[in-house]
Amino acid sequence: MISSKTSNRICLCSPQQTARITGIVVSSRPAYLTGLGYPVSLRLSSAVSQSSSQHTRSFSSTRAAHLKDFFPVKETAYIRKTPPAWPHHGYTEEEMLAVVPQHRKPGSLSDWLAWKLVRLCRWGTDIATGIKPEQQVDKSNPTTAVAAQKPLTEAQWLVRFIFLESIAGVPGMVAGMLRHLESLRRLKRDNGWIETLLEESYNERMHLLTFMKMCEPGWFMKTMILGAQGVFFNAMFLSYLISPRITHRFVGYLEEEAVHTYTRCIREIEQGDLPKWSDPNFQIPDLAVTYWKMPEGKRTMRDLILYIRADEAVHRGVNHTLSNLNHKEDPNPFVSDYKCDADHQRPNPALKPTGFERSEVIG
């Protein structure tokens, strides 16, 4: 959390210790952020009162004057500011509230394979980020159920967000890179796919940078991210070479999980299960305000998660749709200009969680 008054560097070893430093009343029983028995340390930028700091002798703190930004902008003699390569188009509140978790049922063996691989990734992520059985949702409806016996803590959510977003930007970059090389080899246009895929990857990275403004993973989490990214990049690389269709379906299912994750977080904020994020004085990073062009009065943590969830809903619809197209010949319907026909206009991927069929967007 970014505060204009005070910033403390904290070595966070458990959700309970996070609760102590932020004034949240929790039990004193120790717990770990990872299911592997290792504590995940985070450096949090947070406004902390004097009364709280008097009871945190186990933490090493750095005064605000000595606390550096995690990724500061380097000052140059001439350049004042570097704007985003892909400015965000923004959403209306109605569009963001209309996003709901949905699941596209597998219609073929390849779809079923992609779905099961995503479920395997979800299982591994739950273990890696320390999600306990009582914190898991109904396994019979894993993509749509958002209620659990016990909510996650703010620290658990941040660990989960950072881990997920650190690899979520990989698929779009891999697919865009391979399509770029294919276009060069075939001496043919790509028909607009590359731009959308790279923009998706860029958008996911902005999600990560936003959460990194709130906390920094410790060495163990960084090691996990390094390993996961290496495995995931190579897996996506080989997968896209073999079958772009299956890969886009896999990413579509992965984005279903992302929409589900952020929907559950919004629900827990609204129910008051995350008191620090429900605090009206909680300040989201300026990076987020600038990127999403968030208006005054709509800059709470809930609003931030609404914007990010809407992004994931767009990625969900885009990838499910691209999986239905001929990846060698069909143009990208989301950047194409359509003929003057009221019945066929540029589709909005957020409005079709299961993706558009080829006949709906190509003809």
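Glycine too: its Cβ is placed from the backbone N, Cα and C atoms.
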Annotated companion of Glu165, Glu204, His207 at the Fe cation 1 site, Swiss-Prot, chosen from Glu75, Glu296, Glu312: Glu312
Binding-site annotation, Swiss-Prot, Fe cation 2: partner of Glu204, Glu312, His315 in Glu154, Glu255, Glu360: Glu255
Other parts of the chain folded back onto the transmembrane segment (158-178), taken as Cβ under 8 Å at six or more residues beyond its ends: 33-34, 40, 42, 125, 128-131, 152, 193-194, 197-202, 204-205, 207-208, 211-212, 214-215, 217, 221, 224-225, 228-229, 232-233, 236-237, 240-241, 244, 247-248, 251, 254, 258, 261
Beyond the flanks of the transmembrane segment (224-244) by at least 6 residues, Cβ under 8 Å: 34, 110, 128, 162-163, 166-167, 170-171, 174-175, 178, 217, 250, 322, 327
Which same-chain residues, if any, lie at least 6 apart from Glu204 (Fe cation 1 binding site) yet have Cβ under 8 Å of it: Glu165, Ala168, Gly169, Gly172, Asp311, His315
Residues close to Fe cation 1 site centre defined by Glu165, Glu204, His207, Glu312, Cβ within 8 Å: Leu164, Ala168, Gly169, Asn203, Arg205, Met206, Leu208, Ala258, Ile308, Asp311
Any further residue of that chain within 8 Å (Cβ to the Cβ centroid of Glu204, Glu255, Glu312, His315) of the recorded Fe cation 2 site: Ala168, Glu200, Asn203, Val251, Leu254, Ala258, Val259, Asp311, Ala313, Val314, Arg316
